[in-house]
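Here the structure is laid out as C-alpha cells; the discussion comes afterwards.
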Amino acid sequence: MFRKNTLTHGAIVDGKFEGFIQSYQGTYYVEPADRYLQGKNVPFHSVIYHEDDIHYPHKYGPEGGCANSSVFERMRKYQSSAVEEPLKDLHIDEDASGPVLLRRRRMAQVEKNTCQLFIQTDHLFYKYYKTREAVIAQISSHVKAIDAIYQGTDFMGIRNISFMVKRIRINTTSDERDRSNPFRFANIGVEKFLELNSEQNHDDYCLAYVFTDRDFDDGVLGLAWVGAPSGSSGGICEKSKLYSDGKKKSLNTGIITVQNYASHVPPKVSHITFAHEVGHNFGSPHDSGAECTPGESKSQDKKEKGNYIMYARATSGDKLNNNKFSICSVRNISQVLEKKRGNCFVESGQPICGNGLVEAGEECDCGYSDQCRDLCCYDANQPDNKKCKLKPGKVCSPSQGPCCTFECSYKGRNEKCREESECAHQGMCNGVTPQCPTSEPKANFTACHGETQVCLNGGCSGSICEKYGLEACTCASQEGKDETELCHVCCMEKMNPNTCSSTGSEKLARFFNKKVTTLPAGSPCNDFKGYCDVFMKCRLVDADGPLARLKKAIFNPELYENIAEWIVAHWWAVLLMGIALIMLMAGFIKICSVHTPSSNPKLPPPKPLPGQQPSRQPPRQSQQQRHHRQPRENYQMGQMRR
C-alpha cells in the first residue's frame, strides 16, 4: 500500500511501543515478541514487520472470515421482524418537498461525519493481552486503522467519515465468574455471541462492538448486522427495538475475534476484518460481479491488484485493493449514510473524556468512576474543569504510558518497559516521559518465527525466501504435482512465477537442504482458492455451506444434460431397463394378488402367506344365544361405569 501522507499510531505498553507506521514505502507494524514466541528465550522484545511480508491468514474459511450465506439469510429475516414503528426523531419532514428536504439534510450534516463507538472486550481478550494498557492499545489501533480507510474513501460526495471511541468496557479475567457478565461462558457460537451484544441497549452509540479471543467455527473472524437505507432494521444509528421473538435488541452491533484455527491473527488481518464488519453495518453486502471482484478476473493485471475489503472469500491482505472499498460497496454505503448519518453522527475532532484514550486536549484518561483505578487522574464523572486532568502535584498518569508509576512519577532511566523480541532489542524508559521509547531493531534477515520468516526493520515480517534472494509465492494445484505442497512455504526466483517450488523440493535444495517449511493453519493456499487446515491439507473455500451444495448437486443443469446425453447414446439399455421394470411390476402384482383379501364374493378366498396358519372361524351362535347374552354384557358394562 502506498500513500502520499504518512501516519504513525501506537502506544507504550509494558515499556514496549506497539502500533503501526504508514509511509510511502507501506505500513509497518510493531508488536511485542512474546505475543508470538511465548516460552522462548529470545534476545529481543518486539517485532516490526511490513504489511507485504506477512503470510496473511485473512478471511480464511467460508465467507472470507464472515459467516456463511445461510447465517446472513437468517439475520436478514430477523432484521425485518421488528414490531415497533421507527423512531419519530429521524430527519423526516413530511411537509417539506423532496429537494428542500435534501438540501436541509445536507446542510445539517456538513460537519456530522464521526461515528461514535462503544467497544467492549471479554475476559478472553484480556487474558491474551494481559493488561488494561495492552487492551486499550489494541482498541485504539483498530479504530485508527479503520479511520484511515474510511476517511480516505469518497462515498459519492460524502467524505471524511471518521470514528471515535465514546466508551470502553474491559472485562478482566475476574469477570469470568460474574453472573451479570453475558460473555462469561467460553463456548459461545458466533451468532449467539453477536446476539448477546445486541441484547444490550446501545442507543447512545453509532456502533457497539465486542472484541474477543475465541476460535469460532468455520474460520469466522467477525459478524455484524447489515445496514440498509430503509425497509429493515440494523446497521449504523439503529435504536433498540422489540422484535418478533419478544426481545428488545440493538442491531447497531458487531463482533471481532483475533483467533483463527487455534492461532492468533496479525494486526493487519484484524484491522481489515474490523473494516469489513463495519462495512456491513454501513450497508455493504459482500462484493460480487466482475466489476467488484477483480481478483477473479482472467486478466493478470486486474488479478494482481486483488479483491476489495468486502470480498467474501480468502484474500492475502497485501494487494493494492485489499484495504479499499469497491464501487459496489461505495454505492451501497453512500445510500445508507445519506439516510442515517444525521441520526447519530457527531462533529469530528472533539475529544471524549472517559474512553480510556488520551486524546488532544486531555492530560490523561482513566475512564469513568466505575472503571478508573488511577490515583493520578480525575475520572470522567468529575466537573468539566477537572475531568481527564492530572491531579495536583502529580507528574504523570499510567494512562499516558508504561513509563509512569502508579505513584504518579516517571520510572527511572534504563528501566525496562518493553521485552526483547526476535527482531528488536528491549526498550528502556528515558526518565522524562511516560511513553516507552522505540526499540533498536536487530539486523535484517535474521531468521525468526521458527525459521519460517526473517527480521525486517525490527519486525518478524519477511519471508524466509528473502534470506536467499528469492521471493515468496503460493504453490498452486497442477496436474502431476504433489497436493501436499499446497500448504508448504514456497519460493521462486524474482519475477519468475514458473520457478515457484516448495522449500522441500529438489529445485531449492541448495538453499533449504530439502527441509519442508509449512504454512500456519488458516493460511490461504492454492492461489487463494482455499485455506490450510490443522492437518496441513488445503481445503477449498466453501462460501455457501452443505445445504447449498446439496441444492446445486440436485438442480445442477449439467447433471441433467449429462443424463440426456447418456440416454441418447445408450437408448437400447434404457429400453431394456424399461421392459425389465414393467415385467418386475407385473410379477409383483400377480404374486401378491392371491394373498390379498377381497370383498368380491365371486373370488376365491386369499391364500395364506408361507408360514402363516389359516385363521379359525368361531362357531356360529344362534340369534337366541346372542339375545340372552347381550343384557348380561350391558349389565357388566353398567357396573363398570359406576
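Note: Cβ is positioned from N, Cα and C throughout, glycine not excepted.
Keep in mind that TrEMBL annotations are predicted by a computer and have not been checked by a curator.
Feature annotations, courtesy of TrEMBL:
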- GLU277: active site (ACT_SITE)
- HIS276, HIS280, HIS286: Zn(2+) binding site (BINDING)
- 602-611: compositional bias 'Pro residues' (COMPBIAS)
- 612-624: compositional bias 'Low complexity' (COMPBIAS)
- 113-349: domain 'Peptidase M12B' (DOMAIN)
- 350-444: domain 'Disintegrin' (DOMAIN)
- 285-304: region 'Disordered' (REGION)
- 599-642: region 'Disordered' (REGION)
- 569-589: transmembrane segment (TRANSMEM)
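Cβ atoms under 8 Å from those of the compositional bias 'Pro residues' (602-611) belong to residues 594-596 of the same chain, restricted to positions at least 6 beyond its ends. Ranking the recorded positions HIS276, GLU277, HIS280, HIS286 by how many other Cβ atoms lie within 10 angstroms of each Cβ puts HIS286 at the bottom. Averaged across the domain 'Disintegrin' (350-444), the predicted model reaches a pLDDT of 90.
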